[in-house]
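Notes to accompany the following structure.
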Amino acid sequence: MASNQILFKETKNCVCEVGYERGPDRKSCHDIDECSFNNACINGECKNTPGSYRCACNKGYKYNPEQGICENIDECEYNPCQGGTCTDTDGDFKCECGNYQMLDATGRRCIDQPNGQCFRSSNKNGRKCAADSMLPNQMSRQDCCCHAAELDRTSSFRLNNKCDVCPAVGTSNFNQLCKGSEKPDSYCDLELNPCGTNGQCYDVDGGFECQCDEGYELHPSGTLCIDSPECDNKCLNGLCTELDGSFECICPSGHHFNDKTGSCDDDDECLERPCSGGSCVNAPGGFECVCAPGLVLDETGLICLDKREEACWLEHEDDTCVDNIPGRYTAELCCATHGKAWGDECVDCSDIPLTCRKGYVFDRVADRCVEVDECQLFPQYCSGNGAKCVNTDGSFYCECPNGLTLDDSGRRCIDTRKSVCFPNFNATHPFCHEAWEGLHSRQTCCCSIAGEAWGEGNECRACPREGTPEYDELCPCADGNCYNP
């Protein structure tokens, strides 16, 4: 810009200040119209002033006083495109989205296209996007892969004749696609005051708009109210907004302004401990939860889940686990039902945190606690002599046929009836004779005192032979020290 300095020359004529020239009479000074020069205020409007001039730059440009021109503002430095790629243009910028996405009403945020077709799973022949597995309604890829397909690992999505399998649950692609999958109630709440401090944000159908305060204008991005584009490269990592005699930095999401350095510094979100069951790793503008080996992140990307399947133990004393249930189970499923300890390392269930009350596990698709059907999950829990499992709300119990009762474990049905025990039995002509003295249970007779038959009269029947399934069921104790009522 021109200054008020006066240049003096030894002459008998008038000496004009900078920005003025002598008239034809050489006795008067006239203002120079700098705007008449070629290339004055490129990309802006030149406005002549007494003794000087000023440039009113077009939107998307800022004034360079050294070169006297209006330079393009690279809006892409401030990461205005959410979930998309920013391309800088002369005086403006544009956001471009990836496959299956489109820009929302703001023109800055990439969202899933809503008119694709979802397929719940591969069909019986293993083909993806098969007609016999197609859901009836059109939807976005996010709604398909994160919700409608119930997290089926073989779900697929088709848009414009292109078919892709949904990313597997727990992978980084799944977490990126499904994080924040619900439509926000307010675009103005998506980040800290998206219109800046000199305007107000108002939600409109499908997006938001900014209304600037008096004396400020809307930035070409449509999301910031600014006074002037001239900030002299202040606000490192942020966007600078001129104030009267000062400036203000608008920092991107995940950053805060450091008034000592005048830059936007990264927030350490890990200080708030957002990761449950895992470690938090801070990153520029965000963070990541990292799980220990064997654990996986849930769909929120914040909770580490233990999906390992190991032994479930019914008894745990003195750091020793005994009597495991056949099969392999997760820690939650074991300890939420009737397990006392879990895993090959015999971890006491009291040390394993549970989301739901006893008898229930958390269903992350339904987002609620659901009851466990122990009878279906553990079909061999109730055993012996026709034992039957009966499921109840949050629990279960074993039930025996008439004449039989449960043993002390509450799992096995035993015959506590007492009758005579016979040392000999003729299988060719079934006949019981020479009974021992006293009355005994069938288990004691056949398993402990080596009887060959038990009962009296028409009820007399042979004891099962060793090595047969009936014998193993009646005599579970290998050393013969069975329960003797």
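Heads up, the Cβ atoms here are built off N, Cα and C, so glycines get one too.
Listed in TrEMBL:
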- 31-71: domain 'EGF-like' (DOMAIN)
- 72-111: domain 'EGF-like' (DOMAIN)
- Cys76-Cys86: disulfide bond (DISULFID)
- 116-178: domain 'TB' (DOMAIN)
- 184-226: domain 'EGF-like' (DOMAIN)
- 227-265: domain 'EGF-like' (DOMAIN)
- 266-305: domain 'EGF-like' (DOMAIN)
- Cys270-Cys280: disulfide bond (DISULFID)
- 310-349: domain 'TB' (DOMAIN)
- 371-414: domain 'EGF-like' (DOMAIN)
- 419-475: domain 'TB' (DOMAIN)
Distance, Cys270 (disulfide bond) to Cys76 (disulfide bond) (CA atoms, angstrom): 27
Segment-level pLDDT (mean, integer) for the domain 'EGF-like' (371-414): 85
Other CB atoms, at most 10 A from the CB of Cys270 (disulfide bond): 16
Cα-to-Cα gap, Cys280 (disulfide bond) vs Cys86 (disulfide bond), nearest whole Å: 29
Neighbouring C-beta atoms (10 Å sphere around the C-beta of Cys86 (disulfide bond)): 18
Distance [Cα-Cα, Å, rounded] between Cys270 (disulfide bond) and Cys86 (disulfide bond): 28
C-beta crowding around Cys76 (disulfide bond), within 10 angstroms: 16
Three-state composition of the domain 'TB' (419-475), taking helix and strand from DSSP: 16 helix, 13 strand, 28 coil
Assigned conformation of Cys76 (disulfide bond) - DSSP reduced to three states: helix
Cβ neighbour count within 10 Å of Cys280 (disulfide bond): 18
